[in-house]
């Protein structure tokens, strides 16, 4: 338990800072550009992380929204109820996960449609010999072909959005004070550590995507959609009265609670 406490303290001292929420979007955008330039001008040698079948990609990144959803749900519920004691406010805050799910679904569906309508089926990875009889990616792959279209980076989008959402929700820890002997303290501490490590995985795999996969334009659009999803919610809509609202935090706790009232 002591090691868990140490990890939680470290994560509180890093991810919960206002400076992290302020500068992380810029850091992600800059690292995407830098990594993409490195990929184009001086590609890194092949490694375990450049293999799409690596453990982090298969079991974490491909399920990024599921991991984020499942850990944020109890975290938001416990911390917000501990601070407000009102089930209605907690349910309103939990609706951020429904909003996030909608953003994830709409964006991934949009990316898939863009790749479909801009793509063609080829006989080889070198994009030789167009197979005009195959008009969909699924049909193309089923017949041994290679589909090529404008493939907006879903990894860049989702990892950006998930990392920023976790950091925004963890800001509530500025207000959360619990007794170490209480079971709630153990539950919140465990969730803080899990969410913290998940955030580091998302950022690390975002960097791997930048230096190993996709073209610059595909990663640029993916990252842009992730940033727009974050800013459109936490930077704009959640500031309005009729919204899920921001996490209770800082000295304006009471003011923010008022904005959540039905």
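Cβ atoms are placed via backbone N, Cα and C, with glycine included.
Unlike curated records, TrEMBL annotations are generated automatically.
According to TrEMBL:
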TRANSMEM  58-78  transmembrane segment
TRANSMEM  90-111  transmembrane segment
TRANSMEM  146-167  transmembrane segment
TRANSMEM  188-214  transmembrane segment
TRANSMEM  220-239  transmembrane segment
Chain residues in Cβ proximity to the transmembrane segment (58-78) (below 8 Å; excluding those fewer than six residues from its ends, i.e. six or more beyond): 90, 93-94, 96-97, 100-101, 104, 155, 158-159, 162, 165-166, 169-170, 172, 184, 187-188, 191-192, 194-195, 198, 201-202, 205, 247
For the transmembrane segment (188-214), distant same-chain residues with Cβ under 8 A (at least six beyond the ends): 4-5, 7-8, 10-12, 14-15, 28, 31-32, 34-36, 38-39, 44, 49-50, 52, 56-57, 60-61, 64, 67-68, 71-72, 74-75, 78-79, 82, 151, 153, 155-156, 159-160, 162-163, 166-167, 169-170, 173, 176, 178, 222
Distant-in-sequence neighbours of the transmembrane segment (220-239), which means Cβ under 8 A and at least six residues beyond its ends: 25, 28-29, 32-33, 36, 96, 99-100, 103, 107, 111, 152-161, 164-165, 168, 214, 245-246
Beyond the flanks of the transmembrane segment (146-167) by at least 6 residues, Cβ under 8 Å: 15, 20-21, 24-25, 28, 32, 61, 64-65, 67-68, 72, 96, 100, 103-104, 107-108, 111, 114-125, 127, 137, 140, 195, 198-199, 202-203, 205-206, 209-210, 213-214, 217-219, 221-223, 225-227, 229-230, 234
